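See structure below.
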Amino acid sequence: MAVSEQSQDVFPWLKSLPVAPEFRPTLAEFQDPIAYILKIEEEASRYGICKILPPLPPPSKKTSISNLNRSLAARAAARVRDGGFGACDYDGGPTFATRQQQIGFCPRKQRPVQRPVWQSGEEYSFGEFEFKAKNFEKNYLKKCGKKSQLSALEIETLYWRATVDKPFSVEYANDMPGSAFIPLSLAAARRRESGGEGGTVGETAWNMRAMSRAEGSLLKFMKEEIPGVTSPMVYVAMMFSWFAWHVEDHDLHSLNYLHMGAGKTWYGVPKDAALAFEEVVRVHGYGEELNPLVTFSTLGEKTTVMSPEVFVKAGIPCCRLVQNPGEFVVTFPGAYHSGFSHGFNFGEASNIATPEWLRMAKDAAIRRAAINYPPMVSHLQLLYDFVLALGSRVPTSINPKPRSSRLKDKARSEGERLTKKLFVQNIIHNNELLSSLGKGSPVALLPQSSSDISVCSDLRIGSHLITNQENPIQLKCEDLSSDSVVVDLSNGLKDTVSVKEKFTSLCERSRNHLASTEKDTQETLSDAERRKNDAAVALSDQRLFSCVTCGVLSFDCVAIVQPKEAAARYLMSADCSFFNDWTAASGSANLGQAARSLHPQSKEKHDVNYFYNVPVQTMDHSVKTGDQKTSTTSPTIAHKDNDVLGMLASAYGDSSDSEEEDQKGLVTPSSKGETKTYDQEGSDGHEEARDGRTSDFNCQRLTSEQNGLSKGGKSSLLEIALPFIPRSDDDSCRLHVFCLEHAAEVEQQLRPFGGINLMLLCHPEYPRIEAEAKIVAEELVINHEWNDTEFRNVTREDEETIQAALDNVEAKGGNSDWTVKLGVNLSYSAILSRSPLYSKQMPYNSIIYKAFGRSSPVASSPSKPKVSGKRSSRQRKYVVGKWCGKVWMSHQVHPFLLEQDLEGEESERSCHLRVAMDEDATGKRSFPNNVSRDSTTMFGRKYCRKRKIRAKAVPRKKLTSFKREDGVSDDTSEDHSYKQQWRASGNEEESYFETGNTASGDSSNQMSDPHKGIIRHKGYKEFESDDEVSDRSLGEEYTVRACAASESSMENGSQHSMYDHDDDDDDIDRQPRGIPRSQQTRVFRNPVSYESEDNGVYQQSGRISISNRQANRMVGEYDSAENSLEERGFCSTGKRQTRSTAKRIAKTKTVQSSRDTKGRFLQEFASGKKNEELDSYMEGPSTRLRVRHQKPSRGSLETKPKKIGKKRSGNASFSRVATEKDVEEKEEEEEEEENEEEECAAYQCNMEGCTMSFSSEKQLMLHKRNICPIKGCGKNFFSHKYLVQHQRVHSDDRPLKCPWKGCKMTFKWAWSRTEHIRVHTGARPYVCAEPDCGQTFRFVSDFSRHKRKTGHSVKKTNKR
């Protein structure tokens, strides 16, 4: 334990670390602890921690020690009675055990920030430990050459220096159930004697024995006694005894009181920075060797010690405070905190829960379930008990309790108002989902006495506890079938607690075990109802169910779901990777909004006694409504191996259900209540109900426009006698429990493939809860149209089904379970995340990704968008937030703390939905007629990342076909200057289709290649970049099609479009904007108009009649079309300079007249006052109504790819008004861009195979010398080919694609693609040749790291 004798100056970062706030309540405010904490929570939570200085003195030292010894003695006696062991010293005083904690740095450890903790094996009385602690402190300071009295900052400096010095150990007695405060009965008596205020802190409501269940704390309604949560724990420490970075269980508040001794330093990080904090720990603490989920679990072991300096440098808000004896420290939900003691001291702590905790309770429960930790509490149970208790209160006019202060009542009313609002919102959400899922059928109520149904067993709890074999601190499970789970005290968790004690809210409990403080939670209604329900106790005594998707304990309503036979067969045999994409794209939040959009008037009732079928959409149908026709084909089942690697591949599936498919499936019934069945199994389409009547139901009814669940249509059972027929494959028909929200999501996913069997269950007191919610809603003036829900009692068959579902929870299914196939099994994903396969990246699960702040791999871009031009040197700085008393700017904080652009996220999701291909059951994608597969997958994804796209666009309709009058001569194709004139041709049939890379036709001699952004026309010599992927390389199935509906649809210049409104919207947004301005700026000379029909089909007539809104939208979309080539990564060509010269000549002739007339023309065009002849209209990608008043002469127009230039700020403006000023500004920007293009094209590389050009001769010379001319790079290459490939480093070009079916990953380099393919194939080619090792590795980096760390031989490397 060598200690450096150098000067112990305070670290600068410690001096600058913000100090957490301290609050000094008045005596009146101090009477209601929860109300006061709720009052300061908004301010203090931005620090994560705060300090409260009581207005009353602490208890005397003698009293505190006496109470502590009494608690320790009682605990020892209880252990002796339970057959354990108790320890007392020879004088008869109680003793306690301690743990050894490492101080110092051990570089040999894999992760040095994880400090070892182990049992010391010593037993001390309070006096003995105090003597040893003070002796250690004296000796340590003497070796440091420091005086005995040090400031807090000096001690902190000593501590952090010791953490990086030679290791030594200290002792700490923590997590000991007990309290040093006087018993509650004695405290109440003394309070009465003193007039209700108390003489010391222990005689007030701040007595730690009662804080968890204080008035206003939600934990008041927990029936279990969990040490450290609902009852306090004691901590006895010595100098440098530390507690590691952690958050409280379920993100609860914690209250900590220091009784006596030296001070204690606390460090805190606010909840807003929690995810960023975890990422810094993962990167800087764990060396990026753990994925985020395992990082969170490892932090939960409470062994990670890291200096706040690391977090401050990484942009994480962090603060500190020093707790002195007699002071309280409050930590707020989700705030990470750690600290250490300055010397010998002892204190105690427990959890509380203010109403603000309810806002984050669900997310905390999901994160806890994601690491397979069993839940300790149901936030919904506490919420319901809390609100119903408020309803049964005695009116204040006859309340014998004195009103202490208006502040107390005001703070309490704020908390009550918040809980009531959350309560009503939750019941409304349930009401909508019950109505949409149940279709009006009675919902089963769980029995009041459910001893015959074992809802939770010890096996289930034990299987959820995690054991970490690497650490001496671990959770031990003696026997999965035993009655208790033994928890090693060294793990920093709670004491040895029986499962039935700790999780009694999950299991059946005695109905007579009620605390007197909770008696008012039982009734809120009349005395008659109270007598009627005298057998039932508070709502907390009812059993709880855990959702398989999110892990949250559903206290009120659950759904038991089983896929139907058809859906199960599909799930077991087909590649279902697109389900994950569907979930990632839609999100669960949309379902609630969708449910609220439903109309309850169309609901029909089902059979009341059995599971009922959900109306499904079969795949064999062809429905025609009016002039609208939609059709789909029956899927072909494709077989695929169901293994872990297949699941990994499914995480990268690139197809999802698009809006187009949803709209096609939306069918209007011919008459109210009358629908037609299209049976997938080949039946006559009718199902017979129990009463013998024939009931038709609509198989086509899909979602509403918001993807909601339809309430219309009838459904009845075919298999009434046995609704769940046993199948040979248990995994395919396994019953699972879902919360209502995720049950609705699963129903929506499986609806097209056969549907589900569904049983809805509610708490036996749910009708009473819903009745109370309606009263509270009126009180809060919340208007809602409640759906009427009928309830029924469960039958014996229902109880057997419930028991089977709960048994399936305990039986851990493999990767063939249908919920695993569907990607909605949270427990399986949590287990999978701990496998070596996912050591650095979590397996995709939408719930887990959202809980840990990760974006969906479907929507996330593989590389960051490049900001080029002059804007790259200037980073816009803005205020991100205020934490720890400081305003944080965007350049100061960790990237995880930067606010996400909600509009950008929505547009990205919309873009993903529109770009994603439709996929049938065979795994093949069906492409729109005018979009090639390659262009959509590559360009669409890139375009989504760089531009915000409107969710809706102007429908594009097929116009009259045109015939080329004057072709392009050979001369014009050389200088790329041409003139085209078109005339209407209604008598000539023309072909618009061609297989391959080019598309041409008699009427369309120019076509935009969506993949490359190059104009293809007759006589035009095509060229392409070396970095681009050819369509032919991906197979002959990829075709480029023009967007004509049919050849015969052109006749007579008028037609009915074969596209409905929504199809055209999709086609527009899927079009790559690849047409240069020279072809888009045409004068329309042949008058055409669109007339909207009620059925959504547009008809053409002979006069322009277009609304201002449509015109403005078209002009805005033209802005997007102009800049597409800028964003495609397509920069230089071999003939850049020639085209630039021609463009400059043309510009001098036309720019002035265009400026004078463009604004006036657009205004007249938008108002419908002016008709112009059509010069051309091409149905290729990105064609828009762009008007030029004066047509330039022959030779003035040209096609020229745009340069990757600066991004104009108006790129995302699709709906702004096109005024004269806007048009003039656009012309000025065009001139600036052309100047840059000319500069860029001034110096062309003439080396063979190189098409790059530069703006200066210096850059060109460096380039020819095989030196990268990019500023700050300057790399040298021995081959010009490698230099050209190196340019990918400085651009967004990712030409290489993963060949695995369903994977959307793209790469810049071949080696990275090769390594990625191993993820799909499971290949592990690197094998350690060391005897008795034989480890295999997928990546060479992992293999090299293994050899460095182990020293194994590198000479015998094998590849297999």
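Placed from the backbone N, Cα and C atoms, the Cβ positions cover glycine too.
The shown structure was predicted, so the numbers you read here are calculated from the model rather than taken from an experiment.
Per Swiss-Prot, N-acetylalanine is recorded for Ala2.
The domain 'JmjC' annotation in Swiss-Prot covers 203-369 and is backed by sequence analysis.
The region 'Disordered' annotation in Swiss-Prot covers 652-698 (among others).
Feature annotation from Swiss-Prot assigns compositional bias 'Basic and acidic residues' to 673-694.
On the 0 to 100 pLDDT scale, the motif 'Nuclear localization signal' (944-951) averages 36 in this prediction. Per Swiss-Prot, motif 'Nuclear localization signal' is recorded for 944-951, and the stated evidence type is sequence analysis.
According to Swiss-Prot, the region 'Disordered' annotation covers 955-1012 (among others).
What Swiss-Prot records for 1044-1081 (among others) is region 'Disordered'.
Positions annotated as region 'Disordered' by Swiss-Prot: 1133-1155 (among others).
According to Swiss-Prot, the feature region 'Disordered' maps to 1172-1238 (among others).
The compositional bias 'Acidic residues' annotation in Swiss-Prot covers 1225-1238.
Swiss-Prot lists 1243-1266 (among others) with the feature zinc finger.
The zinc finger annotation in Swiss-Prot covers 1266-1290 (among others). The DSSP breakdown of the zinc finger (1266-1290), given as helix, strand and coil counts, is 11 helix, 2 strand, 12 coil.
For Cys1268, Cys1273, His1286, His1290, the entry in Swiss-Prot reads Zn(2+) 2 binding site. Cβ neighbour count for Cys1273 (Zn(2+) 2 binding site): 11 (other Cβ atoms within 10 Å of its Cβ, all protein chains included).
Residues or ranges marked as region 'DNA-binding' in Swiss-Prot: 1275-1348.
Feature annotation from Swiss-Prot assigns zinc finger to 1296-1320 (among others).
Per Swiss-Prot, the feature zinc finger maps to 1326-1352 (among others).
A gap of 32 Å separates the Cα atoms of His1290 (Zn(2+) 2 binding site) and His1346 (Zn(2+) 4 binding site). Residues in the zinc finger (1326-1352) partition by DSSP class (helix H, G, I; strand E, B; coil) as 11 helix, 4 strand, 12 coil.
For Cys1333 (Zn(2+) 4 binding site), the same-chain residues 6+ apart in sequence whose C-beta sits under 8 angstroms from its C-beta are Thr1350, His1352. For Cys1268 (Zn(2+) 2 binding site), the same-chain residues that are 6 or more apart in sequence and have a Cβ closer than 8 Å to its Cβ are Leu1262, Gly1274, Lys1275, Asn1276, Phe1277, Leu1283, His1286, Gln1287, His1290. Calculated from their C-alpha atoms, the gap between Cys1273 (Zn(2+) 2 binding site) and His1346 (Zn(2+) 4 binding site) amounts to 32 Å. The Zn(2+) 4 site is set by Cys1328, Cys1333, His1346, His1352; from the centre of their CB atoms, other residues of the chain with a CB within 8 Å are Ala1329, Glu1330, Gly1334, Gln1335, Lys1347, Thr1350. With helix defined as DSSP H, G or I and strand as E or B, the zinc finger (1296-1320) counts 11 helix, 4 strand, 10 coil. Apart from Cys1268, Cys1273, His1286, His1290, the Zn(2+) 2 site neighbourhood in this chain, defined by C-beta within 8 angstroms of the site C-beta centre, holds Pro1269, Ile1270, Lys1275, Leu1283, Gln1287, Val1289. Of the listed binding-site residues, namely His1290, His1352, the sparsest Cβ surroundings within 10 Å are found at His1290.
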